[in-house]
Amino acid sequence: MAVLGVQLVVTLFTATLMHRMAPYCSFARWLLCNGSLFRYKHPSEEELRALAEKQKPRGRRDRRPNGPGDEKPLLVPRDVPLQLETCPLTQVDTVVLRFFLEYQWFVDFSVYAGGVYLFTEAYFYLLGPREANISVFWCLLIVAFSIKVLATLTQLYFSVQGGERAVCCASAFLFLLLAMLVQAVREDVLELGLEPGLASVTQNLEPLLKQLGWDWALPVATVVIRVGLAMVGSVLGAFLTFPGLRLAQTHRDALTMAEDRPLLQFLLHTSFLSPLFALWLWTKPIARDFLRQEPAGASPRGLLSDSAFDSLRLWVLVVLCLLRLVVTRPHLQAYLCLAKARVEQLRKEAGQVEAREIQQRVVRVSCYVTVVTLQYLTPLIFTLYCTLLLKSLGCYSWGLGPASPLSVAPSSASAGHLEDEAQRTAAGIAAVLRGLATPLLFRGILAFLIWWTAACQLVSSLFGLYFHQHLAAC
């Protein structure tokens, strides 16, 4: 009955509140449709026909074509002086878009899960960890849904014939090699915690497996964990390739739009380089060792202790995620302004174009805004909730109180004193599971996921920045 306590009541209340309040109050809907974002309206055929007639008067041969009774498509000059009108992005515009319902549910669920996590942390801080932490289940759901959303978005590039499929496959192979190389880096350089985590698993499982005669399973389990992490890294790299390319494009355009706003430019630059800060946090010589070194004339304790540095790392990751959330609208507005840029690019070309193509160039941008929003927010949400899981499952502390003690797996000798054979078997299985699910292993896996997500975002966004600045214009 310990689990059926206050946390379960809060969970049921949150689920009911999320279901009841979705039609009236939605953070996802407010983020897109509060009136601060504007989109470009596509021109009608009458407007394009009038502009074409003003720009090029018709002769006797040109009076009959494109007339009211002509079935041929309307052709207009590419350099037609078209001025696109703007209007606020409203709920009526977005509710019919593809993936809008998925976007609204996913973002709102993430917000409510964050509320449950905050309540649980405050509850444990005041009363102590007397029962199971149910917020871990919410965070695991968010991580699973984030991977599902990224997989769904990546599937869009495989549903059509084009170079996007080849880019995804090539990036998956490249990130697979990089993931295997990262695991070969020593812990005194890149302190992801994989070596201590695997060592704890080996130490806990070795007595149990020796009793069963399964000594060969220990190295196999280690290899399976490492290969599994490399495969997960490859898949995550493929999933984050196009979100990184899109982020580079919107970042570049957002900087152009914020030329007269230096504070916003600073926030945009800091947000774009936030994965680099995340990579720095786990580079031991320039992070932990640098902050722990003894300043001249200071006490031998250094600037930060190990526990203080771990807490600082958690706080920095949360702040970086919130910073990227703050600059969401400038990125989305920069994307919506692509409609105007595409029309202006069309005006630089010679010849004629169908009126429908001009309309499609404008409409496609606004129709794709929910997909772009998911590409921007999903890596952010994934990183944030992996950080929260790292704190809870890794037995870290926020620095406001003492850290949770690392649980020690029970020895196999305790199972031998049980009278019943079924109880002895159940105790052995529980001991094996505790030996696998150690806080040190959780630290290593979650730190790898956070660090790897930041690395994939940094590599793909930097390549996208180079592509849009040098290769796209060619």
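Note: Cβ is positioned from N, Cα and C throughout, glycine not excepted.
According to TrEMBL, the features are:
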type	residues	note
REGION	52-75	region 'Disordered'
SIGNAL	1-18	signal peptide
TRANSMEM	105-126	transmembrane segment
TRANSMEM	132-154	transmembrane segment
TRANSMEM	216-242	transmembrane segment
TRANSMEM	263-282	transmembrane segment
TRANSMEM	312-332	transmembrane segment
TRANSMEM	365-390	transmembrane segment
TRANSMEM	445-467	transmembrane segment
So, taking each listed stretch (132-154, 263-282, 365-390) in turn and counting its Cβ pairs to the transmembrane segment (312-332) that are under 8 angstroms, which one gives the highest count?
263-282
Spell out yes or no: are there three or more C-beta pairs under 8 angstroms between the transmembrane segment (132-154) and the transmembrane segment (445-467), with each pair 6 or more apart in sequence?
no
Distal contacts, the transmembrane segment (445-467) - CB-CB under 8 A, six or more residues away:
171, 175, 178-179, 182, 190, 192-194, 197, 229, 232-233, 236-237, 240-249, 251-252, 272, 274-276, 278-279, 282, 317, 379, 382-383, 386-387, 389-390, 393-394
